[in-house]
């Protein structure tokens, strides 16, 4: 009876025209994960057809007790699919189904690794300037990082950081966040909270440091661009900074649902300082998240190559960020080209670290540039109210400082993000 069920399942899966089974992508880290695939449906497939298809996939997987079948389903707005562990014969049949848009091997990817190891730094403190001439919602404070000053002035090498006191919500898809760090504390309450963890067997904390550093730049009390924003940790990478594409898809799925369920659509932004070589499934998922009303900011990558070689940076609906140094020069390692949306500070960026609740470190990379833009998006959403991702892109473009980046790269925009508060300098 079991063999009959399997035969029927395989036959039904094979109905219709052939779907695309992509070649394994050449990723920055490990090889594709054996017998693990991500399957994406065509957008017009009904829920009933998906349910029937998935029941039969499970039946096909039952031939081998070592294969788990469908392990995770994805439903991100207009993006539906699943992560499956299955043998090669069944996958070969799957690719013939007219329900399926594409099948990609799951694989390990990595954080957009920093350019150099981070040395420890002393803790910095910052007190608000008591200047009574400012509007009640504006603060001018002594400089803590050069990136803060750059985003609040038109010219480089300016001191002082000017910002509105509002905040919103930023989801950090990364290695986690050390939520107890002093950067995230408003009195006895932390603005950094734990969201969810897609690394099986790992602790609900940051075991690497990358996510905490990014979160500090987004919304740290002394290091952040939006110092009062809520930060939500979504862990997809282990202590070594590695994790599967399927985990990143699951994270986007979780974020979109969480934002919708908690009234954060239009007031939430996602930071993705991660990537690998082109993987079209993740680009489609990012587009679906944006279509669902959640802005997505991604790192351009650190290979010194065109942006269109890297996912999710190549996704046209993501806000893709390259790096500049303190002199507004693009470092040679920052990716560039058509598809890059903005530049932001990404060299020698100081932020929170994981050794203790008062630890800091300096890192370089487009991983550090993207959180500057994520923080700015969160800040602008609070200052001006809810935005669709398209409205936010328009506002960022309207505010950007143009024409100052040297060595931007062929096809790159020449625009550095700006928060619009220089009038109070």
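Using N, Cα and C of the backbone, Cβ positions are placed for all residues, glycine too.
If you look up TrEMBL, you'll see 1-19 marked as signal peptide.
As annotated by TrEMBL, domain 'Inhibitor I9' applies to 37-110.
Per TrEMBL, domain 'Peptidase S8/S53' is recorded for 172-403.
Residues annotated as active site, charge relay system in TrEMBL: 174 (among others). According to its DSSP assignment, residue 174 (active site, charge relay system) is in a strand.
According to TrEMBL, the feature active site, charge relay system maps to 210 (among others).
Annotation comment: TrEMBL describes 367 (among others) as active site, charge relay system. Within 10 Å of the Cβ of residue 367 (active site, charge relay system) there are 33 other Cβ atoms, across all protein chains. Under DSSP, residue 367 (active site, charge relay system) is assigned to a helix (H, G or I) in the three-state scheme.
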Predicted model, mean pLDDT over the domain 'Peptidase S8/S53' (172-403): 96
Residue counts (helix, strand, coil, in that order) that DSSP gives for the domain 'Inhibitor I9' (37-110): 22 helix, 31 strand, 21 coil
Rounded Cα separation (Å) that holds between residue 210 (active site, charge relay system) and residue 174 (active site, charge relay system): 7
Rounded Cα separation (Å) that holds between residue 174 (active site, charge relay system) and residue 367 (active site, charge relay system): 10
Other CB atoms within 10 A, centred on residue 174 (active site, charge relay system): 31
